[in-house]
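**Student:** The structure is given below, and queries will be raised subsequently.
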Amino acid sequence: KLAAFVRFSALTPEVIREERLRDDLKYYFMSPCEKYRARRHIPWKMGVQILKIVMITTQLVLFGLNNQLVVSYKEENTMALKNLFIKGYSGVDEDDFSIAVYTQRDVYDSLFYVLDQYSQLGELSVGAISYAEDEDGLLLPLTVCKEYYKRGSLKPSDEAYDIDAQLETRMFFFLTFLIVNFKLPSFFNILLFFRLVNIKVTFNLKGINLQTVRSRELPDCYSFYVMITFDNESHSGKVKLYLDIDAESSACRDWKISGTAQKNTHYLLVFDGFVILVCIISTTLCTRSIILAVRLLQRFSQFFQEHFDRKVCEDDQKEFLNGWYVLVIVSDVLTIIGSILKMEIQAKSLTSYDVCSIFLGTSTLLVWVGVIRYLGYFQKYNVLILTMKAAFPKVLRFCCCAGMIYLGYTFCGWIVLGPYHEKFEGLSRVAECLFSLLNGDDMFTTFAQLKDKNILVWLFSRAYLYSFISLFIYMVLSLFIALITDSYETIKKYQSDGFPLTDLQKFLREHKDFPVVDDFSEKDVEPKCSTFCCCKRYDSSPSDLIKL
């Protein structure tokens, strides 16, 4: 303070105002360690961010381990139900369906097998699963829904048919104790397969996920909505069997547990609450910094308008708008929402595991990306950030142009090669296949799996694949890398020769360094370093002012 008083005592008010503005600007662009050395201001934001990284990562790991148990429970139940209700199931799905049957007798047997297994579920299943009941305690029935053409006659030998394409539906409801006596010939007599479109068998089951007890979590109750479909839409002689399960978890209505599971849940709720508190503090500090930056920009703009009669350039304005603070605030908001959802899940009030995972996963990603900001204060690490910043606009424009060509290949491959190649059956699969080819994956497999029954399509596929690989790997990808390499070389040159000076940097060049407040005697060779201050302080230079 004494040094600052001596410095400003002999200056005019206008010069004092200019020097104070220059001091504030210089201080704003300092690193946390430099701010501590200059004014002994403890870098609270950096400390909060470090604490937040540790806490959010710990929270994510704990939730991820619990979520893995939930996902594995659903997948293993799906596999168990397929083995229970699908006759002849091998344990591996055939393409996207479970199994296929080819004779009428096999269709009848498979349908009877589902009904018989359902009636004996309590004696067959080794899992904690049973029949579902309604609110009055009555068992929910099994439903058999049959869809077929309203009217039709078919004579393939005469190449004649008479079909009414309007679909009709018949539904049959069966309780567990009636299924044993269900083998009614009349039901199958009306299964004219040239009219039959599909048969859907649906039923509800209840289950409890007890494996979470091992991780000292309260178990969830599950409702399984099972649908077994006999698909005969293609009428090709191949009836496909699908088993689809929609599992919904909920809080158990009547539960009692002893041990440490409930106590562990209370500890997790307290920890999540502390994470929310830290995120609120982080958001408050970052919002305060943004407000101070806006005020400082207004002072600087007013000063330039008064003294130079022009506005501050756009590049200088961007220096005040720190995108890292916005990134931190967004990650804090996502963490708060995800933590609240996690607390509701821990308390068994909600079961939205997937939604909570998206919020927590995205917030953790942004938090770790934000660490780059502090690495950017070191010149050797800052080259990555500066290269990305310089190359991003050019890469974005380049990707827009290359994307048009990519979309053209996607649509062309889907319409031409889709009927002959499994990797081109859908638009999303075509895009994924081409992206893999672009990165050099599965090239020979993609060529070899194409069916060569149609020689015209086979020739087109070779021209299509060779042209795509040659164009994107040898030209587009090389140009993409060249853009980034060019930006990197430019940044390296600027770091050695100096960055182009803007009005803001020219204004700050006239600034004199802050008097460093040190608590050591002149005999000491090195200043003492605080816990929060571990960085070497560099001399002021134009390149030090370019920070993100």
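Note: Cβ is positioned from N, Cα and C throughout, glycine not excepted.
According to TrEMBL, the protein carries these features:
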DOMAIN    70-253  domain 'Mucolipin extracytosolic'
DOMAIN    355-491  domain 'Polycystin cation channel PKD1/PKD2'
TRANSMEM  171-194  transmembrane segment
TRANSMEM  267-291  transmembrane segment
TRANSMEM  324-341  transmembrane segment
TRANSMEM  353-375  transmembrane segment
TRANSMEM  395-417  transmembrane segment
TRANSMEM  463-484  transmembrane segment
**Student:** Could you tell me the mean pLDDT over the domain 'Mucolipin extracytosolic' (70-253), as a whole number?
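**Tutor:** Mean pLDDT for the domain 'Mucolipin extracytosolic' (70-253): 80.
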**Student:** Do any residues of this chain, six or more beyond the ends of the transmembrane segment (463-484), have a C-beta under 8 angstroms from a C-beta of it, and if so which?
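**Tutor:** Contacts of the transmembrane segment (463-484) (Cβ under 8 Å, skipping residues fewer than 6 from its ends): 387, 391, 394-395, 398-399, 402, 405-406, 409, 412-413, 416-417, 434, 437-438, 440, 443, 446-447.
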**Student:** Would you list the DSSP helix, strand and coil counts for the residues of the domain 'Polycystin cation channel PKD1/PKD2' (355-491)?
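**Tutor:** Taking the domain 'Polycystin cation channel PKD1/PKD2' (355-491) as a whole: 118 helix, 0 strand, 19 coil.
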**Student:** Give residue numbers and ranges for long-range contacts of the transmembrane segment (353-375): same chain, 6 or more residues beyond its ends, CB-CB under 8 A.
**Tutor:** 32, 46, 49, 52-53, 56-57, 59-60, 63-64, 67, 70, 249, 324, 327-328, 330-332, 334-335, 337-339, 341-342, 345, 381-382, 384-385, 548
